[in-house]
Amino acid sequence: MYCATLVFAMSIGFALLEVGSVSIRNTKSVLVKNVLDLCASGVAYYAVGYGLAWGAGEDGFAGRDGFGMRSAKFDSANHATAAGAHANAFFSACFAATSATIVSGAVAERFPFQSYAVLSSVVAGVIFPIVSHWAWAENGWANPVRGGGRVLFDVGVLDYAGSGVVHVTGGLCALWAVYVVGARAGRFSHGRRANDMPQQNPVYQVIGGMLMWYGWFGFNCGSVRTLAEEHLITVARVGLVTALSGCLGGITVVCIDMYRDRSRVRPARMINGILTALVSSSGGAAFVEIGVSLVIGVVAGVLYVWASDFMVRKKLDDVVDAVAVHFFGGIWGIVASALFSAPKFLKHFYGDSYKGCGLLYGCSHGGAVFGAALVFLLALCAWVSVTALAVLAVLKYFNALRVSADRECNGLDRSMHGGSSYTEFQTTIFRFKDKSGSESQMEMRVRAGDAARFAMVLSEIMETDAKPTSVATSRRSSTSDGSLTPSPSQSPGRSSAPLLPGDLGSLGEAKLTITEE
């Protein structure tokens, strides 16, 4: 349960990372979608997803019972079993929400939140649960220790914490959503040139990414799903593999960007390098040697840089690079697990009867493990593509795939969420005396909070006997075309805010006040 709460808290990191990556005009939109994702995916997983993921089913494709958790009855005869089922349901529901929320950041700033609620519910309630049934349910067709029926290539797929089940699933849904919805207005110019779009705060990006890294220890360590004494060493090793992979992913992206971009390092790309490595570590964190985590992290960092550039070249507008991080990072995680899984760790985790090992270890079933990984990835991509495109096609049919051009340009906060989150620009009136001593004034439009800086610059370029005496500001929010409209979040009234001496620059003895109108 503790690890499940860490995974749940990752949603805070997702929200902060996305808020920091969009324009301030879409702050509320991102926040609403992230909270709505938790609500919608939680209900969908409880009602439908849990039964599809963990219910009994002879064909290995999907569960046939347990919907609404009716199979986990709490009474004196089976309270231990029911408690375990409840804990597993909560942990799995957090995984489902994680897979669904990947889409949110990719299509931010132009996807209606109502449509996102529909897509999120389908991902968490149908698409993800069936994939998780394949790999993790007792009778799933790709489970390495399938309880009944033939095991895939006698070894199954090695996806310990969901590089494929969680991240390739969510990343591929995001890829199709980005492709079908289209790019934001102004993102790409003619000739495949990509334009930088407004991003409001790198602080949010870094804090969000670090919170996700923290939650990832619950994501990976909790996937052991037991605290039996024989698995404690596995939990400890998983934690170290998770930490080192993230470190090398971030360092690799920093080094590449310093080499390619004249020593300029962007925080968002460094964070995404870390996250890509964490995604890649999830597939085999319990099966690989600690030193292998360094290889996983380095390759993940290189892969992220390539995948991010690839998306831009193809004019696929992914706001937070979710596809590069989760889809491509998840594929590498499955492949890395099939290459580097040590036989001793696999036997310790699955039992002495397990035959497989990583391809590079050269055992008799190494090729089967690698083949099973490829088959699982192909089946996963086929299932996710068909279902995700079907949902997107329905949304497009009802004209609910994208907001109108006016709403997109003005920002979704103003048009759909009750007004702007911040005062973006303000009308500022600088009053001063000229040489003759008569009062004059100058009206300018400046970014909120910059009035004092403009007053300082104005005083420096004016003659010594012509200095500003006051600054009156009318706080208003601006639209993308520069027009001014009153901000509903600001109430009328007047207040005086004294400035510190350091803010006044060379104003000398001139008295400067800021008056809100």
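Here the Cβ of each residue, glycine as well, is placed from N, Cα and C on the backbone.
Note that this is a predicted model, so its numbers are computed, not measured.
Among the features that TrEMBL reports, domain 'Ammonium transporter AmtB-like' is placed at 2-422.
Positions annotated as transmembrane segment by TrEMBL: 6-24 (among others).
The annotation transmembrane segment is assigned in TrEMBL to 36-56 (among others).
Feature annotation from TrEMBL assigns transmembrane segment to 89-108 (among others). Beyond the transmembrane segment (89-108), the same-chain residues lying 6 or more positions past its ends with a Cβ under 8 Å from any Cβ of the stretch are 1, 3-4, 7-8, 10-11, 14, 17-18, 21-22, 26, 29-30, 33-34, 37-38, 40-42, 44-46, 49-50, 53-54, 69, 72, 116, 119-120, 123-125, 128-129, 132, 162, 165-167, 169-171, 173-175, 177-178, 181, 219, 222, 225, 318-320, 322-323, 326.
Per TrEMBL, the feature transmembrane segment maps to 115-137 (among others).
Here TrEMBL flags 157-181 (among others) as transmembrane segment.
Residues 2-7, 9-10, 12-21, 95, 98, 161-162, 239, 242-243, 246, 267-268, 271-272, 274-275, 278, 282 of the same chain sit 6 or more residues outside the transmembrane segment (202-219) yet have a Cβ under 8 Å from a Cβ within it. What TrEMBL records for 202-219 (among others) is transmembrane segment.
According to TrEMBL, the feature transmembrane segment maps to 239-259 (among others).
When Cβ-Cβ distances below 8 Å are used as the criterion, the transmembrane segment (294-312) is approached by residues 178, 194, 241, 244-253, 256-257, 269, 272-273, 276-277, 279-281, 284, 288, 318, 321, 323-325, 327-329, 332-333, 336, 340 of the same chain, each at least six residues removed from its ends. Taken from TrEMBL, the feature transmembrane segment applies to 294-312 (among others).
The transmembrane segment annotation in TrEMBL covers 319-340 (among others).
A Cβ distance under 8 Å defines the sequence-distant neighbours of the transmembrane segment (368-395), meaning residues of its chain 6+ beyond its ends; these are 115, 118-119, 122-123, 126-127, 130-131, 134-135, 142, 152-159, 164-165, 168-169, 172-173, 176-177, 180-181, 331, 334-335, 337-339, 341, 356-359, 401. The transmembrane segment feature in TrEMBL is assigned to 368-395 (among others).
Taken from TrEMBL, the feature region 'Disordered' covers 465-517.
Feature annotation from TrEMBL assigns compositional bias 'Polar residues' to 481-494.
Relative to the transmembrane segment (36-56), the listed stretch 115-137 leads the set 6-24, 115-137, 157-181, 239-259, 319-340 in CB pairs under 8 A. When Cβ-Cβ distances below 8 Å are used as the criterion, the transmembrane segment (6-24) is approached by residues 30-31, 34-35, 37-38, 91, 94-95, 97-98, 101, 104-105, 108-109, 197-219, 222, 268, 271, 319-320, 411, 420-422, 424 of the same chain, each at least six residues removed from its ends. The stretch from 115-137, 239-259, 319-340 with the most CB pairs below 8 A to the transmembrane segment (157-181) is 319-340.
Within its own chain, the transmembrane segment (115-137) is flanked in space by residues 33, 36-37, 40-45, 47-55, 57, 60-63, 92-93, 95-97, 99-101, 103-104, 107, 143, 156-157, 159, 162, 164-166, 169-170, 173, 177, 376, 379-380, 383-384, 387-388, 391-392, 395, 400-401, which lie at least six positions past its ends and keep a Cβ under 8 Å from the stretch.
Sequence-remote contacts of a segment are chain residues at least 6 beyond its ends whose Cβ falls under 8 Å from one of its Cβ atoms, and for the transmembrane segment (239-259) they are 213, 216-217, 220-221, 265-266, 269-278, 280-281, 285, 288, 290, 292-294, 296-298, 300-302, 304-305.
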